[in-house]
């Protein structure tokens with residue numbers, strides 16, 4: 001049996017006399033392969049004027065030159081010559097076409113097969129690198145490995161039977177999709193866009209079945225709005241297996257479970273850290289002193305695990321309530337969501353979770369509703385714990401449950417700092433440490449995590465909500481502003497840099513378009529998104545020292 005040990009390639013250089021009446025085109029295709037480890041053949045065709053030149057290239061994958069063969073087409077016969085000794089063999093054949101008069105020649109179009117000028121084989125000269133020899137085949141390989149494109153026969157059928165003078169009159173076709181795997185139909189709308197789109201979706205299923213997804217999008221580079229009002233629309237066609245997200249794999253389930261276990265650990269760690277005034281001195285020194293090298297005996301932390309569980313339960317409860325809000329909003333719309341991938345963080349317990357859409361969203365209103373449902377649910381539970389914790393902090397009966405935290409904690413958020421100052425009073429807040437209930441910490445961490453996830457950037461909940469309410473163009477502007485504020489540390493405080501890196505790595509890509517990506521969402525949804533973004537800024541905006549000293553939020557030393 002031959003083994004694939006070496007290849008020898010020769011380049012093909014086709015030269016033809018230059019004349020204005022000759023039109024030429026070269027076609028290269030894989031003709032056949034006898035054995036994968038023996039031979040690879042290419043068919044090279046060339047047409048000039050009225051004669052067609054065919055060339056077979058065969059490359060041997062063995063060290064035995066006798067395996068190479070020459071296949072030549074003569075009068076419909078293919079013969080094999082085993083006397084060749086080169087590892088790359090070629091053969092040529094010329095087929096003559098019937099003569100044509102000048103009028104017929106002038107009617108030839110560019111999509112006809114080009115003919116050959118002479119039956120003499122062209123000169124062969126090397127072109128250089130292997131890349132130049134096989135760049136055409138590389139492009140063919142990329143097409144084979146890329147997403148499956150729309151069938152041209154289906155495009156013609158859809159264009160003839162789906163669109164028309166009563167719905168949408170097609171005037172032009174363009175590639176559609178990330179890699180041009182779909183078709184975008186441009187033209188003139190002949191009715192109300194929502195009614196036309198619903199009619200086209202129904203008729204598409206009747207014509208080709210459950211094979212394609214039809215998208216209604218804004219016409220790219222439109223020079224003027226639609227005469228009926230609103231933007232001009234176009235209709236994009238993609239295969240279902242290309243446009244719809246894939247199912248959750250087994251490895252993704254495994255990763256999600258591991259991340260959830262790590263999030264439980266980080267939440268318990270947060271609960272232990274909240275008892276810093278009770279921890280052994282050697283443990284406190286190891287976690288607070290940058291010069292500490294030798295780790296303490298971790299068994300010293302075991303007595304504090306049980307008292308850390310209520311805070312851990314609160315943090316995990318906010319996360320689960322957040323995800324429950326997403327699923328409850330998606331279920332009536334028949335939108336599938338992936339399993340949440342929780343992101344552990346030792347400062348807040350968690351950075352939230354990554355939840356993907358596993359089905360195409362029907363419209364932008366659905367996108368806004370699902371995106372806002374999670375943060376609103378998480379924020380409602382977080383604020384409830386925060387408010388109850390503040391009330392318990394000022395109750396003498398709950399003094400035994402209070403923990404001491406640095407007063408600088410309340411300077412991390414303008415909104416939460418002002419609420420804490422109004423509830424606890426000036427005397428309690430204007431000190432080095434503040435006695436608070438653990439529910440305050442759980443609510444604070446939940447509200448901060450929710451605010452981070454509602455930032456209008458990328459594929460975060462806030463980014464999806466802004467994209468649905470105001471469009472992808474608005475999201476670009478909001479995103480650039482958010483990245484700038486995070487990079488400068490204006491919002492987020494010490495967590496701005498790690499959160500910005502997390503978004504850039506995991507959540508920077510905007511959400512894919514909805515099936516109906518044109519219809520507006522309405523005034524109240526836009527208002528809800530705007531108010532939410534405003535509250536997010538107030539939550540993540542730190543209190544500067546001058547204002548903190550004036551309001552009595554923490555004990556600020558000024559020199």
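Each residue, glycine too, has its Cβ placed from N, Cα and C.
As annotated in TrEMBL, region 'Disordered' covers the listed stretch 65-124 rather than the other ranges in 65-124, 125-184. Transmembrane segment is the annotation TrEMBL gives to one range among 227-249, 250-272, and that range is 250-272.
Looking just at the domain 'Peptidase M50' (312-471), the mean pLDDT is 91. Residues 274, 276, 386, 390-391, 393-394, 430-434, 436, 440-441, 444, 447-448, 493, 535, 538-543, 545, 548, 551-555 of the same chain, all 6+ positions outside the transmembrane segment (405-424), place their C-beta atoms under 8 angstroms from a C-beta of that stretch. Long-range neighbours of the transmembrane segment (250-272) within the same chain, counting only residues 6 or more positions beyond its ends whose Cβ lies under 8 Å from a Cβ of the stretch, are 279, 301, 304-305, 307-312, 315-316, 319, 338-350, 438, 441, 445.
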